[in-house]
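Participant: Let me begin by handing over the structure; questions about it come next.
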Amino acid sequence: MNIMIALIPALLWGTVPLIITKFGGSTRQQTMGMTLGALTFAVIVFFFTDPVYTLKTVGISFITGCLWTVGQMFQLRAFKIIGVSKAMPISTGMQLVGTTLCGVILFHEWDTTLRIILGFIALALIVGGIFLTSYAEKEEDGTNALKQGLITLVISSLGYVGLVVLIQGFKIDGINAILPQAIGMVLSALIMTHSGGTEKRFNKRTLLLIIPGMIWAAGNVAMVHANQLVGVATGFSLSQLGVVISTIGGIVLLKEKKTQKEMLYVIVGVVLVVLGGILIGVAKGA
C-alpha cells in the first residue's frame, strides 16, 4: 500500500506536461496558470496543516519558488521547440545528473565505495539515456530545433537543481516550504512574463491552466508524504517513473511525430534514464 501511495507523485507529475500541452496557450499563459494553480493549492494546504515559519524557512522557500519558475518556464518553452516526448527524458536526465553531482560535491553523499560505484553507473546510464533520447534524424530544421531545445533545457535544469540544492542545504521541511514557495513562484512569474509576447497573460486559457498547476502541487505534497512512508531514497526513485508517462503520452496522446529509429532511441533512452534514477535512489539508501 505504501508503494502505491509513493507512486502518486510520478503519476501526477507525469501527466502535467501532457495536460499543459493539450490545453495549449503561450508559454507566458502556461507559466502564469501553473504558478497560480500551485498558489491556490498551497493556500488550501495551509488551512489543513500546521506549518512552522521562520525567517530562514520563508526566505529560502521564496527563493526556491523563483528558481522553480525559471525551471518551469524554460521547460515549457522546450516543449514547444522539441515536444514533450523528447524534452521530458532529457530534462529529467539533466536534473538527475545536476542534483546528484551537487549532492556529491556539496553534501558528500557518496561516502562509501558501494555508493561511489552505484553512483557512477547511474550517471553513465543517465548520460547514455540523454544521448539516445536527443537523437534526431539528420534534418537541418530538426537539428537546429534540438540545439535550441537543449540550451533551453540546460537553463531549465539549472533552476530546478538550484531549488533542490537550497532545500537540501538549508534542510527546509516540505510542508513548511509550500506556501512561501508558491508565493515566490507567482511573483517571479509575474516579472518573467511581463514582456516577451503580444498575447494576454490572463484569459480563460490561463484560468484553465490553473488545473495542471494544482495537480503539480498535489504531487509535491504527495512526495512529502511518500518520503515519510517509504523513505527519501525509495520515494525519489519511484518519482522518476513519471518521465515514462510523459514520454509515452507525448507520442500516443499528443501525436508527436517520430521516425521508427527515433522511436527506438527514445524508448531505450527513457529506460536508461529511469534505471539511472532508480539506481541513484538505491545509492542514497545503500
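Yeah, the Cβs are placed from backbone N, Cα and C, and that goes for glycine too.
Pulled these features from Swiss-Prot for this protein:
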TRANSMEM  4-26  transmembrane segment
TRANSMEM  33-55  transmembrane segment
TRANSMEM  114-136  transmembrane segment
TRANSMEM  149-167  transmembrane segment
TRANSMEM  177-194  transmembrane segment
TRANSMEM  207-226  transmembrane segment
TRANSMEM  230-252  transmembrane segment
TRANSMEM  264-283  transmembrane segment
Participant: What same-chain residues lie close to the transmembrane segment (149-167): Cβ under 8 Å, and 6 or more beyond its ends?
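Facilitator: Result: 60, 63-64, 67-75, 77-78, 81-82, 86-87, 90-91, 94-95, 98-99, 102, 106, 134, 177.
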Participant: With contact taken as 3 or more Cβ pairs under 8 angstroms (pairs 6 or more apart in sequence), are the transmembrane segment (114-136) and the transmembrane segment (264-283) in contact?
Facilitator: yes
Participant: Which range wins on Cβ pairs under 8 Å with the transmembrane segment (4-26): 33-55, 177-194, 207-226, 230-252, 264-283?
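Facilitator: By Cβ pairs under 8 Å, 230-252 leads among 33-55, 177-194, 207-226, 230-252, 264-283.
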Participant: Looking only at residues six or more beyond either end of the transmembrane segment (33-55), which have a C-beta under 8 A from one in the stretch?
Facilitator: 20, 25, 69, 72, 76, 173, 175-176, 178-183, 185-186, 188-189, 205-218, 220-221
